[in-house]
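As recorded in Swiss-Prot:
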{"type": "REGION", "residues": "1-394", "note": "region '3-dehydroquinate synthase'"}
{"type": "BINDING", "residues": "50-52, 89-92, 120-122, D125, 145-146, K167, 185-188, N196", "note": "NAD(+) binding site"}
{"type": "BINDING", "residues": "R136, D152, K158, N168, 200-203, K260, 274-278, H281, H297, K366", "note": "7-phospho-2-dehydro-3-deoxy-D-arabino-heptonate binding site"}
{"type": "BINDING", "residues": "E200, H281, H297", "note": "Zn(2+) binding site"}
{"type": "ACT_SITE", "residues": "E270", "note": "active site, proton acceptor"}
{"type": "ACT_SITE", "residues": "H285", "note": "active site, proton acceptor"}
{"type": "REGION", "residues": "407-858", "note": "region 'EPSP synthase'"}
{"type": "REGION", "residues": "885-1113", "note": "region 'Shikimate kinase'"}
{"type": "BINDING", "residues": "G892, M893, R894, G895, T896, G897, K898, T899", "note": "ATP binding site"}
{"type": "REGION", "residues": "1114-1341", "note": "region '3-dehydroquinase'"}
{"type": "ACT_SITE", "residues": "H1243", "note": "active site, proton acceptor"}
{"type": "ACT_SITE", "residues": "K1271", "note": "active site, schiff-base intermediate with substrate"}
{"type": "REGION", "residues": "1354-1677", "note": "region 'Shikimate dehydrogenase'"}
Amino acid sequence: MAVADDTKADLLKVSILGKESIHCGFHLTPYIVQTVLTTLPSSTYVLITDDNIAKLHLNKFEEAFAKGIEKSAANPKPRFLSHVIPPGETSKSREGKARIEDFLLFHKCTRDSVILALGGGVIGDLVGFVAATFMRGVRFCQIPTTLLAMVDSSVGGKTAIDTPHGKNLIGAFWQPEYIFIDAAYLETLPTREFSNGMAEVVKTAAIWDEKEFTSLESRSAELFAAIQTPSTNYAGRTLETRSEAQKLLLSTIAASIGVKAHIVTIDERETGLRNLVNFGHSIGHAIEAVLTPTILHGECVSIGMILEAELSRQLGILTQVGVGRLTRCLKAYNLPTSLSAPLIASLPQASLLTVPRLLDIMRIDKKNSGTNKKIVLLKRIGETYEQKASIVEDKAIEKTLAEAVTVVPSIPTGNVKGSPGEVRMSTPGSKSISNRALVLAALAKGTCRLRNLLHSDDTQGAVFTWEDGGETLVVEGGEGTLTVPTPGKELYLGNAGTAARFLTTVCALAQPAPASVQPPSTNTVITGNARMKQRPIGPLVDALRANGCSIGYRESEGCLPLSIPPNSFKGGKIQLAASVSSQYVSSILLCAPYAQDANGVTLELVGGEVISQPYIDMTIAMMKTFGVEVTRRTDASGKLLDIYDIPRGTYVNPPVYNIESDASSATYPLAVAAITGTKCTIENIGSSSLQGDAKFAVEVLQKMGCEVHQTADETTVQGPPLGQLKAIEEVDMEVMTDAFLTASVLAAVANGGENKAMKITGIANQRVKECNRIRAMMDELAKFGVHTTEQELGLTIYAVPISQLKKNVSVHCYDDHRVAMAFSVLSTVVEGAIIEEKRCVEKTWPGWWDDLENKIGIKVEGVDLAGLRAESSSAGVKESKPIDNSSILLIGMRGTGKTHIGQLAAASLPGWSFVDADHYFESKLKTGVKDFVKNEGWEKFREEELAVLAELIGLGVDGKAVSSPSSYSKNHVISLGGGIVETPAARSLLKAYLAKGGRVVHITRPIDEIVRYLNVETARPAYEEPILDVWKRREPWYKECSGWEFGNVVVEAPQGQAQAANVEAGPGKTKCVKTLAGRNEVKRFFGHLAGINPNFTHGGSVEGQQRRTYFLCLTYPDVRHAFPYIDELTEGADALELRVDLLKDAKAPEAPFPSVAYVKDQVTALRRVTGLPIIYTVRTKAQGGAFPDGNAKEYKELVEAGVRLGVEYLDVEVASIFSDKEVADLSKRTKKAGSTLVIASWHDWSGKMQWDGEDVKRKYDEARKFGDLVKIVGKAEKLEDNFKLLSFVKSATSLPNSPPIIAINMSTLGQSSRILNTTFTPVSHPLLPTKAAPGQLSFKQIQQALHLLGLLPSKHFHLFGTPIAHSMSPTLHNTGFELLGLPFKYGLLESKEVDCKEVRDVISDKEGFGGASVTIPFKVDVIELLDELTESAKEIGAVNTIIPVHRSSINAQGQEETTRVLVGDNTDWVGIRVCITQRVSEGELRNENTSGLVIGAGGTARAAIYALQDLGVPVIYLFNRTKEKAEDLAKAFVGGADKKWNGQLVVLDKLGGGWGDVGVAPRVIVSTVPASATALPSASTAAIAGQVDKSTNQIVLPADVFAYTSGSAVVVDMAYKPAETPLLKLAKELKEEGNWACVQGLEVLLEQGYIQFEKWTGRRCPKEQVSTRVWEKYGEV
């Protein structure tokens, strides 16, 4: 038997640059080697690949070359060399290129060498560039192993490496001699990688070849099958052995390559035409720069293609048809098409995809011309707008990229020539008719051309082709013959509710798959997105089940996903509840002719009033058009019954079916005309329409005062003058329910008639649409200041004048297209409204925002929500985490203090409230918990308790989402009963909540304290067993049902800390958090957990410069030993590292490591004395720590404890005790929770690690896979080791999305690396017992060294004002500078006016001026010298702090430049605020019975009012010696801080007495007048107490100014000379009540000074020592 020649192969060859050098086939290794050896003679052949590819394919090449060289007649015989490099983008660098070149030089390769690049795009780009430059150019061949490389990077001769400035910025055009496409390699490719490559295949077809694109649209399943079916015995190498799937795959690849090859041949050097292959790449590359390496190139390009196609649509170049086809095609290959795709949205990096960030990245693009961005614009499928990239303005790109929009209020400009403001347009095809037409055409006999089909998320084709550039859909009907999909293939419908309901019955018609299909298919599964899984489908399923179709629910009862058996639609008599959705009725009607019963179907609608009858009539009318007539029965009197007879039969397709424009969509442009007083005509919708919503103009708009003219196929509306719409007293919209949202926004401003209220009825079904639309409209209209009330069948809207609508509202759209479009109508008359989730309109009118601007003529702008939500911090030291407003649950034993902790937590979270589940239970069931248990028993109580829990968190008792979650599921802290974990059902529900991203916190307290408390507590049912037994049973349940723990314990604060707000624990009391420190820890913990005030501090900038960060290593066996010195120890530190492995419990001195319980106590104790972030480290002995390497179980328990305690940073060792999967799971969990960041660390104590070696690169690559930060520690044996470290850091940080890196060398020689490290440098302190590592320095030492190196230049700071000779500010700031080792100096600059030469000279020193304080009398005058003000300074109208900020920007030439801006701020109000909240909690201050008093009306009074408004004090009294000034000041502060305060600002005639009309004595008093302006009452002035003594112009202070006695209260006197002012003296004299805390002016000065210090330096001021010195100095003065 002859042996087949394995070097022979049947190929598809593609020509490029006049040469057939691209060879495509299967199993080509022998052919490649033979071709190279025979046609490219050489002395040396070098194959370069990476570790991953080498394992799969290198051995075969080595064998083939050995065999080929042995047969070679060459003399001497050539050499074959191979070189394997690390995989990944890190190798594609200057250093990586140099290493390959060194290999070639070492092996004495010469110019005749031939290099083979075997691998993906990285290998091809890198090796190609090496070939282009080695010996000034050698021959090379591309052998791509990924589909992406086959169709893209290997073709065209582009070679390049990356640099820190961007990807592919250094390279050359260097054409390979051959490109060998071996499609068999794709069999080893993961499916996701195949999809990655298909993005480029779709791209080439989209820009060049519509025929190929059409093939791609319809044949995705076959292409996937080709790579998922392994070819045995080299099948495919020859035509005889090549399967049809292989032929399709190869022709698809060759066709894509052919497009690019043709373009390259015409434009090799990318002067114009070659730009076209960058379609999708301009935006795609920007996305990739943020998301790499998590998201693949093709996935980013896929999103980029859609966004660039939408950009073309926005510019009026591409129709929605093209966008829709492109979207569906990409989705067919499992590619994401939007930034909200789950693959993208689930990533932590997704929050970085801000519009400014993407636009900034897009600046660096080789297609650009100067500052002009160039993008390839699609004209239609298969053709581009220009034969090159087109210039596009940033504004247009911003609008496309933004996730939200704002409509600029204006009168429409219109699109009718000669008639300004008049609009004539058509809307997209009706969704309702499109969906029905698709089903009818697919089930019918023959061919049907559907025109004006809606191209949207909600319409999908069956068997189809496109005509007229996609304007016409050609459907080949199947006569009812359908087959169950292949196993594992589900029908995913997104949020397409209509499609889901129609297809439920359609799937019951499907026939089982042929026996030849193995494994056999059984049922059809239809599913959708999360929202789709909430929408009801139960009544339809019930009807089909009753008819014999055994449909199964795969998740929640009554919702998708469904499992539908084949051939199960029996027919005959069917009863259906139609009071929820008419779509259930239409689903059965459409399929009825194909039911099995010979007599067809008799459909009877039961269960109350039928909803949306017009849609049922529409279905029947369309069925008649397709050849089947439905009969609706009548009774003897001729009254129509809800019974329908449908005969068996076969639909017959009409040749052409024109789909009406969507009447629901038509309501929006018509409503724009109505609300703006303009004219609009909608074509293709009139009185003959099948759609009920076509009546909207006549039945609603005309009655609201519009002129309406309607023909059979056109509707014209002329609105009344602006503001003259009239409310209809009551309108029944049952025949046009979807249009009620449009009517609602018009009703909101229908203020033109006598009636101001408009009642809309007949819309009950709108509660179960994409969202509860009635509730949605009520909630969102409320944001505009519009009052509504809800009824069973609808709602009533109470109109307000347009001028009174609230501005700058952010509208949440609930992923509902109709909500978004309705509020876009209202936004045409109200400023600043932001429509979130702009893309939800894609369901029915994808181009709405473009049409609103281009056709109607109202400007629409993009809004970057991520940018709006970003925290603004002038110091820039906070890292953001996403804000999550889902409610936080508290669980734990009764008596742990859940209620108290919950109340404090809710009070500390802006906009949050507290709810006690037991109280909610009692209010709902109208009985106390104790009585309920007594009467009904524990089992019944647990059932009701579970129902309450489900209701509060917005889930069903089965853990599934519900359609209308309660308001308690957001922005609430919910305390649950101690026994909530007793039942499996409740535990499952809590775990389901956790799994969905909810927060459940276990509140703990020492069990002995709990026992003491419960032994005397009688309010709730007694336990029926010992408390300790209950605790032991529940403890593991609490742990499994919670994600975090919070310890409610009393920790004695160090000496000097304020012991405010003491609440002693004792019988009947559980408030253990009794100190200010305890309150602060509650605020920190829950603020961090919710993402409202994240406690991360590892990055940022100060004055536009990179801010270095440091952490102090605590090396105590018991951290409580550090508490007396904690303020000094933490000077300069941004975080504390808790070395868990070094902890030693004195009660277990022999234990090799601490217990979990001891560690929890240590963390809890540490939290009470410092709010600094904790770096939680369990260092193993292998990496220089104390934890035994063999105790894996205990190590994992300690790490888990850190996560549960919510530590901000968790140090996890690379190559540690954790397996790769465990590390990945841990990383995934922490990223999902968002409260803990992982520091992936590696410590080499051996000194063998070289910073320029391969080992450190591999460790770094491993660490960056799961670490939010990377820490690598080596050992310096010589000074040069530090230089190598810096080089490594520079290279590592140049990679896209490289995490922050901590890189240091141990030993004394390594100290320079600690000085130069920028992120989280570990520091020690002289007061610590030991250093954590050799070579550690203190923070102060590092600052001094940085100054000597010129990296921390000297700065000068000043105080502007007069008189200022005795100011305490120099002492305050200079003490802080000295303690931290900062080379700064603070001095006085006294002048008669602030705008003088001396001041101008100081502030104009751009290098040396660090900032300034401003005091009287210059706080207002100084504003003229500044560039901008902070919001608080603007509101207060005074500046006490000047901050120089350095900002980078791009100039007109595209160059980066830095400018200095002088920013004016006000820290007085912050100082006042801090002093108040140290004495009275924020929750108490917001209590409705709380009031505050401000004495004075000057600049400081403004700061005091601002502070009280910011705290939410509901009533603020203002008293001044000159009442007119107080009244002027009150007018300036209407609306309060940031215009969000809605309390009362009351100007008093006198202090005390009845406190005006309000009658509430103040709990907070702030005096801003000099001490000399007040006086204690005397015998002669007692009669005028509370008023101004005109003889002295002093305020006589009445005793009842301190009348408040119901709780803690505070008086702040801003004057600090004398120390004891008359106001403070009076407070002390009356202090027998014990509730008034006194604050001297110097304390406020200190607090505001601490804030100044941090804003200038980015460092926390060392408060305790600074305070001590200032008070000493004050005493001297």
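One is the number of the first residue shown, and numbering goes on along the chain from there.
Note: Cβ is positioned from N, Cα and C throughout, glycine not excepted.
Known features from Swiss-Prot, placed on the structure.
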{"residue": "T146", "record": "NAD(+) binding site", "contacts (Cβ under 8 Å, 6+ apart)": "G120, G121, Y185, L186, L189, E193, N196, G197"}
{"residue": "N168", "record": "7-phospho-2-dehydro-3-deoxy-D-arabino-heptonate binding site", "contacts (Cβ under 8 Å, 6+ apart)": "D125, K158, A160, I161, D162"}
{"residue": "V202", "record": "7-phospho-2-dehydro-3-deoxy-D-arabino-heptonate binding site", "contacts (Cβ under 8 Å, 6+ apart)": "F213, L216, S302, M305, L326, C329, L330, Y333, L335"}
{"residue": "R274", "record": "7-phospho-2-dehydro-3-deoxy-D-arabino-heptonate binding site", "contacts (Cβ under 8 Å, 6+ apart)": "G156, I263, V264, I266, D267, E268"}
{"residue": "H281", "record": "Zn(2+) binding site", "contacts (Cβ under 8 Å, 6+ apart)": "V301, G304, V376"}
{"residue": "K898", "record": "ATP binding site", "contacts (Cβ under 8 Å, 6+ apart)": "L890, I891, G892, S975, L976, I1003"}
{"residue": "H1243", "record": "active site, proton acceptor", "contacts (Cβ under 8 Å, 6+ apart)": "R1179, Q1183, G1184, E1213, I1272, V1273"}
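Three or more CB pairs closer than 8 A are found between the region 'EPSP synthase' (407-858) and the region '3-dehydroquinate synthase' (1-394), so contact between the two stretches is assigned (pairs 6 or more residues apart). Counted within 10 Å of its Cβ, the other Cβ atoms near G895 (ATP binding site) come to 22, all protein chains included. On the 0 to 100 pLDDT scale, the region 'Shikimate kinase' (885-1113) averages 80 in this prediction.
Of all the recorded positions given, namely R136, H285, H297, R894, the one with the smallest number of surrounding CB atoms inside 10 A is R136. Take the binding-site residues N196, T896, T899: by the count of other Cβ atoms within 10 Å of each Cβ, the lowest one is T899.
Take the mean position of the Cβ atoms of E200, H281, H297, the recorded Zn(2+) site; other residues of that chain with a Cβ within 8 Å of it are L148, D152, A199, K203, G280, G284, H285, G298, C300, V301, G304. All protein chains shown were included, and the count of other CB atoms within 10 Å of the CB of V277 (7-phospho-2-dehydro-3-deoxy-D-arabino-heptonate binding site) stands at 23. Taking each Cβ in turn and tallying the other Cβ atoms within 10 Å, the top scorer among the recorded positions D50, E89, E200, E270 is E200. V122 (NAD(+) binding site) and E270 (active site, proton acceptor) are 21 Å apart (CA-CA, integer value).
When secondary structure is read from DSSP and collapsed to three states, T899 (ATP binding site) falls in the helix class. When Cα-Cα distances from G897 (ATP binding site) are compared across the recorded positions E89, R136, E200, H297, K1271, the shortest belongs to K1271. DSSP assigns R894 (ATP binding site) to coil in the three-state reduction, outside any helix or strand. Of the candidate binding-site residues, D50, V122, M893, R894, T896, the one lying closest to R136 (7-phospho-2-dehydro-3-deoxy-D-arabino-heptonate binding site) when CA atoms are compared is V122. Put simply, the residue listed as 'active site, schiff-base intermediate with substrate' is 42 Å from G895 (ATP binding site) when counted between their Cα atoms. Annotation: H285 are the recorded positions among E89, K92, H285, R894, T899, K1271 whose CA atoms are within 10 angstroms of the CA of H297 (7-phospho-2-dehydro-3-deoxy-D-arabino-heptonate binding site).
E200 (Zn(2+) binding site) is 57 Å away from T899 (ATP binding site) when you measure Cα to Cα. Note: the Cα of T896 (ATP binding site) and the Cα of E200 (Zn(2+) binding site) are spaced 59 Å from each other.
Considering only the binding-site residues D50, E89, R894, the residue whose Cα is spatially closest to the Cα of E200 (Zn(2+) binding site) is E89. A separation of roughly 53 Å, to the nearest angstrom, links the Cα atoms of M893 (ATP binding site) and H285 (active site, proton acceptor). Sequence-distant neighbours of K92 (NAD(+) binding site) (same chain, six or more apart, CB under 8 Å from its CB) are V122, D125, L126, I161, D162, listed in sequence order.
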